Amino acid sequence: MKLWFAVLASGQRQCETEFGHTTPREWIGAMVQAREHWSSKMGFILAAAGSAVGLGNIWRFPYVTGENGGGAFLLIYLAIVFTIGLSLLVAELLIGRSTQRDAARAFKESAGGAWPLVGYMGILTAFLILSFYIVIAGWTVAYTVKSLTGTILASGTEEVGAVFTGFISDPIEPVIYTAIFLALTVFVVLGGVASGIERAARYLIPILFIILLVLAARSVTLDGAGEGLSFFLKPDFSKVGWDTFLAALGQAFFSLSLGMGAMITYGSYMRRDDAIVGSAASVATLDALVAVLAGFVVLPAVFAFGAEPSAGPGLTFITLPSIFAQMPFGAFFSALFFFLLAIAALTSAVALFEVVVSYFSAGDPARRKPVTLWVSLASFVLAIPTSLSMGVWSGYTIGGKPLLDALDFFTNNITMPLGGLLIAIFAGWVLRRQVVQELGASGTLVGAWQFVIRFVAPVAIAVILIAGLI
Ligand code: PHE
């Protein structure tokens, strides 16, 4: 008791000297006020869409669609995004908005017990994803530059493949590009919530849409694009198996930035009276739209030039440059495409950063700068061996995988689905009734959301998690 008074008294003294507040009530009020917020509903939607739209949509979605047979995968993916994905997005935003706290403190505040562990796992996941995300994003910056100098454009896939492997296995060059990309990310994060993250998204998301539309228009009008279009749009259910559902669910999760506290963090910068459901629906729609547009960019071109849609992760870095090399103004379109990828990756890396920064700065804007610098240093230290694992250090493996693949596997297949599962259970079964009522949607909508978040999502995610591990 004595200690409690001492703490309050010292807090009060500090408030009096620093802010001129005299009572603890004013002091607490000032702390809540001090939390940064989005400047408007549109600002939030753009920032959250910036987090969602990333390498996952433009690099990963087209090749995963190519590997999983096209149209039918697209349908299943969209169905999952607008049921389980959207419900989990609403749940994360609700947890963040109602507590006004970072990913770990949000759980402490609303339930306590062992629940903050879910938040800590999310913060660790964000840090680990960040450490390989900036490496791949660095490649996109390098490929933007190299498109213009023409060094990556050659007509044979084999030749382009050799250039790509040569580049990523170099011990120095990719690390430099990682550092450049990291510096850009730090620059945005240092600006803070409204004038850094939100402002970057305001400029970058519209640019991204314009570039995507230009590229899609070019791709669908190529001679022979029709075959790619029907592959992408005509569902062939004979090829659908259990693994198609698993791939679609994993893709939806990664793409919507779910299961690791990013949307809890972004939700915590919403004001208490900001609406959630409509904004979440807009974010999911924008995210799906970009993925579909990326499909229109990549798949028709792949078919028009007789490449393999199931080429896997190399589809972007190997197949596309060889296609661009055969196109009129190929260097221009190539640079435009990789620039687009870099922009998309930037607003996502910012979100990953913010999960960690928000936790360590504990809502105190004054600590944003030192914390951001420390986090960037730490992620760079982990990014160096991650980059080297594609070349000189490829011999050191974890569970048979080089570090980059191991980090990707661990986060995508274990911690993100596990986080999503626990967040669904938390939102569906633990959150108090009044918090759920804060959703402010109609009774039927809230009922539908609760049904998905209580039953459908946990069961479906548990199935992927288990099947994914087997
Ligand atoms: N959603 C991002 C993408 O599609 C990746 C991401 C995951 C970003 C988790 C933030 C948090 O690339």
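Keep in mind that glycine also has a Cβ here, set from the backbone N, Cα and C atoms.
Database features, via TrEMBL:
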TRANSMEM  43-62  transmembrane segment
TRANSMEM  74-96  transmembrane segment
TRANSMEM  117-139  transmembrane segment
TRANSMEM  175-197  transmembrane segment
TRANSMEM  204-225  transmembrane segment
TRANSMEM  245-269  transmembrane segment
TRANSMEM  281-307  transmembrane segment
TRANSMEM  327-360  transmembrane segment
TRANSMEM  372-394  transmembrane segment
TRANSMEM  414-431  transmembrane segment
TRANSMEM  451-469  transmembrane segment
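Within the same chain, residues 47, 50-59, 102-105, 119, 122-123, 126-127, 129-130, 133-134, 136-137, 140-141, 143-144, 147-148, 150, 152-153, 181, 184-186, 188-189, 196-197, 200-201, 204-205, 207-208, 211-212, 214-215, 218, 222, 257, 260-262, 265-266, 268, 290, 297, 316, 320-321, 367-368, 371-372, 374-376, 379 sit at least 6 positions outside the transmembrane segment (327-360) and bring their C-beta atoms closer than 8 Å to a C-beta of that stretch. Here the transmembrane segment (281-307) has long-range neighbours at 45, 48-49, 52-53, 56-58, 61-63, 65-66, 70, 74, 77-78, 81-82, 85-86, 89, 157, 205, 208-209, 212-213, 215-216, 219-220, 222-229, 231-232, 255-256, 315-316, 319-320, 322-323, 326, 337, 344, meaning same-chain residues at least 6 beyond its ends whose C-beta is under 8 angstroms from one of its own. Beyond its flanks by at least six residues, the transmembrane segment (117-139) meets 54-55, 59, 102-108, 167-168, 174-182, 185, 259-262, 264, 317, 341-342, 345-346, 348-349, 352-353, 355-356, 359, 375, 378-380, 382-383, 386-387, 390, 403-404, 407-408, 410-411, 415-416, 418-419, 422-423, 426 of its own chain at Cβ-Cβ distances under 8 Å. Counted over residue pairs separated by six or more positions, the transmembrane segment (451-469) shares at least 3 Cβ pairs under 8 angstroms with the transmembrane segment (245-269), which defines the two as touching.
Long-range Cβ contacts of the transmembrane segment (43-62) within its own chain (Cβ-Cβ under 8 Å, at least 6 residues beyond either end) map to 77, 133, 136-137, 140, 194, 197-198, 200-202, 204-205, 208, 251, 254-257, 262-263, 266, 269-270, 274, 279, 282-284, 286-287, 290-291, 294-295, 297-299, 313, 315-316, 340-341, 344-345, 347-351.
Through the fold, the transmembrane segment (175-197) approaches residues 36-39, 43, 47, 50, 134-135, 137-142, 269, 342, 345-347, 349-351, 353-354, 357, 365, 368-369, 372-373, 376, 379-380, 383-384, 387-388 of its own chain, all at least 6 residues removed from its boundaries and within a Cβ separation under 8 Å. The transmembrane segment (245-269) shares more Cβ pairs under 8 Å with 74-96 than with any other stretch in the list 74-96, 204-225, 414-431. Remote same-chain residues near the transmembrane segment (414-431) are listed as 87-88, 91-92, 94-95, 107, 110-111, 115, 118, 121-122, 124-125, 128, 250, 253-254, 258-261, 264, 450, 453-455, 457-458, 461-462, 464-465, 468-469 (criterion: CB distance under 8 Å, separation of at least six residues from the stretch ends).
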